[in-house]
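Down below is the structure, laid out as structure tokens.
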Amino acid sequence: MRFFALFIYRPVATILIAAAITLCGILGFRLLPVAPLPQVDFPVIMVSASLPGASPETMASSVATPLERSLGRIAGVNEMTSSSSLGSTRIILEFNFDRDINGAARDVQAAINAAQSLLPGGMPSRPTYRKANPSDAPIMILTLTSESWSQGKLYDFASTQLAQTIAQIDGVGDVDVGGSSLPAVRVGLNPQALFNQGVSLDEVREAIDSANVRRPQGAIEDSVHRWQIQTNDELKTAAEYQPLIIHYNNGAAVRLGDVASVTDSVQDVRNAGMTNAKPAILLMIRKLPEANIIQTVDGIRAKLPELRAMIPAAIDLQIAQDRSPTIRASLQEVEETLAISVALVIMVVFLFLRSGRATLIPAVAVPVSLIGTFAAMYLCGFSLNNLSLMALTIATGFVVDDAIVVLENIARHLEAGMKPLQAALQGTREVGFTVISMSLSLVAVFLPLLLMGGLPGRLLREFAVTLSVAIGISLVVSLTLTPMMCGWMLKSSKPRTQPRKRGVGRLLVALQQGYGTSLKWVLNHTRLVGVVFLGTVALNIWLYIAIPKTFFPEQDTGVLMGGIQADQSISFQAMRGKLQDFMKIIRDDPAVNNVTGFTGGSRVNSGMMFITLKPRGERKETAQQIIDRLRVKLAKEPGARLFLMAVQDIRVGGRQANASYQYTLLSDSLAALREWEPKIRKALSALPQLADVNSDQQDNGAEMNLIYDRDTMSRLGIDVQAANSLLNNAFGQRQISTIYQPMNQYKVVMEVDPRYSQDISALEKMFVINRDGKAIPLSYFAQWRPANAPLSVNHQGLSAASTIAFNLPTGTSLSQATEAINRTMTQLGVPPTVRGSFSGTAQVFQQTMNSQLILIVAAIATVYIVLGILYESYVHPLTILSTLPSAGVGALLALELFNAPFSLIALIGIMLLIGIVKKNAIMMVDFALEAQRSGGLTPAQAIFQACLLRFRPIMMTTLAALFGALPLVLSGGDGSELRQPLGITIVGGLVMSQLLTLYTTPVVYLFFDRLRLRFSRKNSKPVVEI
């Protein structure tokens, strides 16, 4: 009593406390960063190594394996995967959430240093690492185009100057430049001319390397001057290399230009990038795992004027893709939804109370509670994102509940003629315990979420804390500011003048009278109600098992990502044509705004595309509908497939795949994996629950297998090293020398001129100079035959791995897909030497599925413990929790009705319902216990009176929560995929719960009271309850 009086009789102090909470919240709001979702990125580091010309198998065994053995010893590694292709190895290290990315980077560098002695010689550089996840979609893509500059020159400018500047911006983790390669001097050898002159390829290589050196020459000085010595020991352009003497044939000088074409070209000619059908250089910018995407994008945009100022006029720099506009639009939609929810909740209060003054009280309590929450969010390091703003939207209905309960009880005393200050004090005292019970039990629901680990726990923690803080502030406001405002703003009414008898009040009285009549009938037919209650319990179990499930709602971010997979024997020229064909098909779609793509590098038969869709307001279809439409057109392209998927704000794992979900096969036997992977992939492709099934196992690439006759080689005076060096010189794009320039270093690349290597007959023109100086044709000591070889070799951990990726057809849930895969694997009878498991998002979904029921049970148990402590009773918490089955039925039926799968967002809705619907029972039980204790009523009389007295606040709080969630259901636009499942779950659960719990709760109350009496008689011990 004294606590409440302290605030009621000191209005200035109470107002200033509320003002302080509001001001702190406003300051916190201005400082909060903006993001699509809470920070849930796993720390990921990518290690890259290269050995030009080495086969995928050689890269896997000689480069990947030594690095993996060293990197695998690092503490906190959650998953390690590697992919080795022609001349390139990439290892992805995914760390635990609690691992600091900078500390992990130091450990990675130490592991690379430790493995250095085990790596093969001839690597052009040491392995490097980047603190970025290559499987993440870029947050921004910049393109460089020019009518006069070559692609190599553009690439050089982009990688040397632009990429370096962008990489220094806070939050940027990696700037990947694609579409070409660095400039280089290319030496294209003529095998016939070399043979005629008696010049070996090694001789050419050594001559070029010897002629292009950079060594210190020293200085000369006398007593007065000092002269630094500088020579023309470096050759920098193709024109300088052409007259280079590489051999003497019968005293005549043989120059490089006599036996080769020497051109200023690029280091790797098998690269191509395009934007909207124009050749382009792409700068794909990815953020650091812990960086904020909006702040990073804003930093890049702020730097663009400076970047454009340093770019020559002949270059055009454009933003091809930016993920921030859809994120900002989504957050704006949530903020509008929040405002609508506040307005609807206040409207509900006004309709019930029909008083401007009375309505003003919760109208003040709601913003104070919500705004004050921003201060706590800032102190906790949170951001303004879809989930935290959704928490505040839902909190609108919660925070007004406390004020409504207090306000309604005070208004009831005022209507009975009590003076305002006395009514405020008496009314607050009566419901103070009720409000505390409601708030503490609601916060208790979220305690298991705060203890939940992994990605789901990290994702939901921000939602749970934000909502709990809002409820906590609301509790304080409802017991301090609300009664003070009631005492000083409201007026007493004459006992017989009941304003509720007009308009909505008359309807409410009629409803209350009808409820009283029906409740009497129900209390006389408790067995029927008991059957209904048990039926809802059983229906919950059946619906939960039957409803389709997924991990997270499929988002429409306005960005699509596509992976091209062509025939494994395709040439680069043909692959570039496929890229152009696919880009034309997509560019012609009316919903597409921009298309960029690239192909080449170490994987000639693959490519990537990034598609920016028009804003949601300018197109009718969702991203998935656009993918379905494009899939039909893209399937008509022969010799290659383009797999499209919508970019999501959450992507789990560092494994790159051509679809949203992955199933990984592991084996210690590469042969077993290659035998079973095609069988499994074929079986999964036939499943109607899967779409776009593809695999990263590519072991049917065309290979020419050369078989040396070692006896003949020995007789001819040729060793294997000389033969292998010949092949590397001729066909490996061998980097034989380095050109040093002020801004960068460039390579001299040697190979047989492509004009002379169009087919296998090029091998017949190859020759080796033996120990006697004679030219011996390759065909004299080697035979060749066509064979199949892998284009890539993949590992997970230290096991051979193959990942089958898949998308979901429209109308199929992830649970249906995973069940179909598990069933198919069982039917195939896969041997134990081949192990299968889900990866990435599908793996997290499986883990979440296993913990969902445990989480719900833990939440219910926590609420039971809190209520048991508050009521000092084992029984009354069970009565209160009896409201949950009906809410669960309503939520699951609503999801089925709207064809929405049960996702992590729907799970949040179920958790919220556990906290919401028990409020009705708390209000009933509190008043029933008080009536029994002070009024001497029987349990039946007490619960009946409690139901009638609390009918109005129950209706008000339920409708407030319902209207607070309704905008989430009706909202459209960006981000609605996240909001709607939460709103559907809450609205469905509230409607069903309100219909049933008004009757089941009093019946359960009486059932447990009778049970308590029977138990008391048997034990002859009094049960003390408050």
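Including glycine, each Cβ sits where the backbone N, Cα and C put it.
The following features are taken from Swiss-Prot:
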type: TRANSMEM; residues: 15-35; note: transmembrane segment
type: TRANSMEM; residues: 333-353; note: transmembrane segment
type: TRANSMEM; residues: 360-380; note: transmembrane segment
type: TRANSMEM; residues: 387-407; note: transmembrane segment
type: TRANSMEM; residues: 431-451; note: transmembrane segment
type: TRANSMEM; residues: 463-483; note: transmembrane segment
type: TRANSMEM; residues: 528-548; note: transmembrane segment
type: TRANSMEM; residues: 853-873; note: transmembrane segment
type: TRANSMEM; residues: 897-917; note: transmembrane segment
type: TRANSMEM; residues: 953-973; note: transmembrane segment
type: TRANSMEM; residues: 984-1004; note: transmembrane segment
Same-chain residues at least 6 beyond the ends of the transmembrane segment (528-548) with a Cβ under 8 Å from one of its Cβ atoms are 522, 812-813, 815-816, 882, 885-886, 888-889, 892-893, 895-896, 901-902, 996, 999-1000, 1003-1004, 1007
Which one of these stretches, 15-35, 333-353, 431-451, 853-873, has the most C-beta pairs shorter than 8 Å to the transmembrane segment (463-483)?
431-451
Of the listed stretches 15-35, 431-451, 897-917, 953-973, which one has the most C-beta pairs under 8 A with the transmembrane segment (984-1004)?
897-917
Report, as numbers and ranges, every residue of the chain located at least six residues beyond the transmembrane segment (431-451) whose Cβ falls under 8 Å of a Cβ in that stretch; write 'none' if there are none.
4, 398, 401-402, 405-406, 409, 457, 460-461, 463-465, 467-468, 471-472, 474-475, 478-479, 855, 858-859, 862-863, 865-867, 870-871, 880, 911-912, 914-916, 918-919, 922-923, 926
Among the ranges 333-353, 360-380, 853-873, 953-973, the one whose Cβ pairs under 8 Å to the transmembrane segment (15-35) are most numerous:
360-380
By Cβ distance under 8 Å, which residues at least 6 away from the ends of the transmembrane segment (333-353) in the same chain are close to it?
359, 362-363, 366-367, 370, 386, 389-390, 392-393, 396-397, 400, 404, 407-408, 411, 504, 508, 952, 955-956, 959-960, 963-968, 971, 973-976, 979
